[in-house]
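I'd like to ask you about the structure that follows.
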Amino acid sequence: MRKKQKLPFDKLAIALMSTSILLNAQSDIKANTVTEDTPATEQAVETPQPTAVSEEAPSSKETKTPQTPDDAEETVADKANDLAPQAPAKTTDTPATSKATIRDLNDPSQVKTLQEKAGKGAGTVVAVIDAGFDKNHEAWRLTDKTKARYQSKEDLEKAKKEHGITYGEWVNDKIAYYHDYSKDGKTAVDQEHGTHVSGILSGNAPSETKEPYRLEGAMPEAQLLLMRVEIVNGLADYARNYAQAIRDAVNLGAKVINMSFGNAALAYANLPDETKKAFDYAKSKGVSIVTSAGNDSSFGGKTRLPLADHPDYGVVGTPAAADSTLTVASYSPDKQLTETATVKTADQQDKEMPVLSTNRFEPNKAYDYAYANRGMKEDDFKDVKGKIALIERGDIDFKDKIANAKKAGAVGVLIYDNQDKGFPIELPNVDQMPAAFISRKDGLLLKENPQKTITFNATPKVLPTASGTKLSRFSSWGLTADGNIKPDIAAPGQDILSSVANNKYAKLSGTSMSAPLVAGIMGLLQKQYETQYPDMTPSERLDLAKKVLMSSATALYDEDEKAYFSPRQQGAGAVDAKKASAATMYVTDKDNTSSKVHLNNVSDTFEVTVTVHNKSDKPQELYYQATVQTDKVDGKHFALAPKALYETSWQKITIPANSSKQVTVPIDASRFSKDLLAQMKNGYFLEGFVRFKQDLTKEELMSIPYIGFRGDFGNLSALEKPIYDSKDGSSYYHEANSDAKDQLDGDGLQFYALKNNFTALTTESNPWMIIKAVKEGVENIEDIESSEITETIFAGTFAKQDDDSHYYIHRHANGKPYAAISPNGDGNRDYVQFQGTFLRNAKNLVAEVLDKEGNVVWTSEVTEQVVKNYNNDLASTLGSTRFEKTRWDGKDKDGKVVANGTYTYRVRYTPISSGAKEQHTDFDVIVDNTTPEVATSATFSTEDRRLTLASKPKTSQPVYRERIAYTYMDEDLPTTEYISPNEDGTFTLPEEAETMEGGTVPLKMSDFTYVVEDMAGNITYTPVTKLLEGHSNKPEQDGSDQVPDKKPETKPEQDGSGQAPDKKPETKPEQDGSGQAPDKKPEAKPEQDGSGQTPDKKPETKPEKDSSGQTPGKTPQKGQPSRTLEKRSSKRALATKASARDQLPTTNDKDTNRLHLLKLVMTTFFFGLVAHIFKTKRQKETKK
């Protein structure tokens, strides 16, 4: 007797805890603890909320709020800067402070000069729309409230009344207005992101701060309007809420509005009309809206580079995609304020190095350290007791490295990078163990240094960064989904120190941190222009400020690639407030629309025409040239790096005073086209900058980015090809099984969003026991108690007869999948539904079914909005989407089941890019409702317990599975298991069944049922007792029960789930495609499978095999029970799975999709895990 094991409930509890964590995901924007140390590709995931970054592994706290993971290798924040809670500082008049500000030490954007010209924003109001704020932080302070726009609460109330605003509160002199527009009545869970953003824009910490340096925002003397907006009732409602906040900010006198949040890859065209009107309203009133570009890098997320065949890999979404906004990318400057440590080098020189700490080391104390390799083995730590362990990054998680060091007696850990020029990474907190991350260069210095001591300094300093000046790898690329140029400009967004909740300070990274700096600069520049250009209207000053700011930005250069970073990544370049403030010239496109040039489709040769504007009273002599570049390709993927092609020669031009003049630069890239098309067959970008200097020996004065596409950008394919067409069985998000390339397992216990990401048709496999219950009149499947599960599978896939844990594509002779359905209402292969991996945003998706004459017999409802599947790292960003409206149940437009035959299932959609034409993808689908005919009699031998049927089944479609099912009670759960046929076609019936607790249950003959299923999902089943009764010589009784005298039903009903027919090579001859034996004359020609060929080949020919190399339905263990205790453990689980069909996400409402996904993960995971453990145990025991 095989001994069975009890369920591992300890593991089940852990799994449930994990599920609970996932569902309670509320990102808190502070530094996410890094838990992984495995290198990953340099991308990120955007959530529809504020854009701070979690820069190593995605945290379970990222589903809802601000942070968005960076490229799995970088740091989010520096908790070492946290302060203990303090009483908020007074917001009234305070003497000028003498403590140095962070900007005094490091000002890469050169803001101080502009601050002086514009009085640091005194007398102005700025608005921040975000997820939450700490209204009591010490940084909310005015130096002189007599210069404030709103002198009192009464002044605010008067302004509110003038504009019909009946809500919002006065907080203090600094925070003139606060209101929660989310209308959810809850206190904001996340207060940190908005607090951090507001500090960058307008923080003004007092000199009494415990920080070594004082926080001062770009506009420290401006008053704040804090407006909380969070997703509560869907994205559309969310957009309407922040639209109302925009209108109120404008009416309350805001000079600039910062919006550091976004919905990746969403198109501006899909925003509600009231949101678009709010943007237009702000523009008309001269109010600048500054948005963050997002932290999603590009199509593919943090683990995958975009394919070189699909150049539309930009993911900048809304609201950043709006033309009227100023959209900001993130870059890391060459110097950074950082914690430091000092070592004595071999020549006795002090060497300072930047460190990023988690749980700080004691300052000014000399620590001994010892090298511990990669911190994996016990031997690595033989010398670390009482010392700091110096460990190289790689191989295992940071958490494990730190835990191993602690176990070995180390007093702390230093982990150094395994990559040159990498960004710093915050390490996880492991039992409060002091730990710090350092660069590879410094780590190697420590390793080789003979003096193994290090001292951590108390005061942070400005030191060069290991990465140098570089675009942040998480920063989202353009173009937008609409095909427009974004981002507009770049600003520092890497490890930015600012205010966070509870009167603390921390470093965060993300485009959320870049945007408020630019917002502050825009506010200061507009205030300067009020004096400089008093005759201009506010909207004219806004337009000029945006163009000047972009023109005066410095195009960032990639020293590694010897080329400028792409305009699709950096926009016009790094913001430079000093240059903007002093600028008397700027450059725009030829129509003076904006300071960027979008050429759309171009050929090998084209021209770039720009307009140079001179607002000074003197003529200006300039030199200009253009850089020409494209994308670098690495194998089959874009490297997300620039590739320089050439530069034009410098030319000279003179611009008259107070005038403008056009400049045209001819570009000829024809000599590169052959090689570039070989790497990027569907086209490539030709882009760069037109740069201007006043003197060839001096720095760039101004520049303008241009972008063209060599090809037809609008008509690039929107949908990835179906998985059925893949030569190696893989897709962008799906790795093929190396042993069986056509293996496509169904959803099973693992929710599909976590694995099956490709383009295909789905259907549903309903187990025999459920079908039987339905046929016997059970109307509500929730009332069915069964060990089996209704499972979503892929049309054209079938399981092995003895193992339904894996599904494989079964193909016609022409290579197309055998996608067949039987729409008879039994829930087994009754429908097909479209699932797609979209490479681009599309609109007006509709499915239709055509008969063989090309007539449309059915059309689905329209899905108006389709968002590209840009990432599959989290449940909130899927690698594919299932479209519920495309579900076809085999009926025509009048609701009648169509005739048996082959139909074309067509999915039509149109990319949203300008000039795009409609595209479509076709699938062949067989409809067949013909019920299998089975034997009406059988014999049973009590000697060897073999059941022999009188004849083989006759089917219209090939036989998928021929089995004996038996059902018994395992405790209180009805349990079904199956017996596959022996090689001679007989079945060996067991005398007893084993329970999960190791006991046995005796089986009666009435427990057995003969079940036949064809590849369209038609099922016939007959009790074995009826088969025995049908035999002329009644069989010997088995002692368990009497054979009933009722005759078997002639034509039982059907079902299906999918696989090649059960063929027995040694039994000659077997049935042909008609389901009849070859020696019997068929009444008509064999029915065909829709491909024009007879479905079933004769058994004497070699059986078809799937990609696993096995014949579908072949039974390795002769006549043994196939213990397929399927995946359902209770009626509740079955009901959950059934209802899940109507909850699968579509692209209509992404935040709703997220809620659906989270709920489904929890509900299906628990019940599925229980049943999965049952099934796994049984299958292992069967194989023993």
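For all residues, glycine too, the Cβ spot is worked out from N, Cα and C.
Quick paste of what Swiss-Prot says about this protein:
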- Asp130: active site, charge relay system (ACT_SITE)
- His193: active site, charge relay system (ACT_SITE)
- Ser512: active site, charge relay system (ACT_SITE)
- 33-52: compositional bias 'Polar residues' (COMPBIAS)
- 89-100: compositional bias 'Polar residues' (COMPBIAS)
- 1109-1123: compositional bias 'Polar residues' (COMPBIAS)
- 99-581: domain 'Peptidase S8' (DOMAIN)
- Thr1147: pentaglycyl murein peptidoglycan amidated threonine (MOD_RES)
- 1034-1118: region '4 X 17 AA tandem repeats' (REGION)
- 1034-1067: repeat '1' (REPEAT)
- 1068-1084: repeat '2' (REPEAT)
- 1085-1101: repeat '3' (REPEAT)
- 1102-1118: repeat '4' (REPEAT)
- 1144-1148: motif 'LPXTG sorting signal' (MOTIF)
Would you mind checking how many other C-beta atoms are within 10 angstroms of the C-beta on Asp130 (active site, charge relay system)?
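For Asp130 (active site, charge relay system), the 10 Å Cβ neighbour count is 32.
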Note down the number of other Cβ atoms within 10 Å of the Cβ of His193 (active site, charge relay system), including every protein chain shown.
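Cβ-Cβ neighbours of His193 (active site, charge relay system) within 10 Å number 32.
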Would you mind reading off the Cα separation of Ser512 (active site, charge relay system) from His193 (active site, charge relay system), to the nearest angstrom?
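Distance (Cα to Cα, whole Å): 8 Å.
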Grab the pLDDT values for the domain 'Peptidase S8' (99-581) and give me their mean, rounded.
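In the predicted model, the domain 'Peptidase S8' (99-581) has a mean pLDDT of 94.
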Which of the three DSSP-derived classes (helix, strand, coil) applies to Asp130 (active site, charge relay system)?
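The three-state answer is strand.
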Quick one: give me the count of other CB atoms within 10 A of the CB of Ser512 (active site, charge relay system).
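So the Cβ neighbour count for Ser512 (active site, charge relay system) comes to 37.
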Express the distance between the Cα positions of His193 (active site, charge relay system) and Asp130 (active site, charge relay system) as a whole number of Å.
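Distance between the two Cα atoms comes out at 7 Å.
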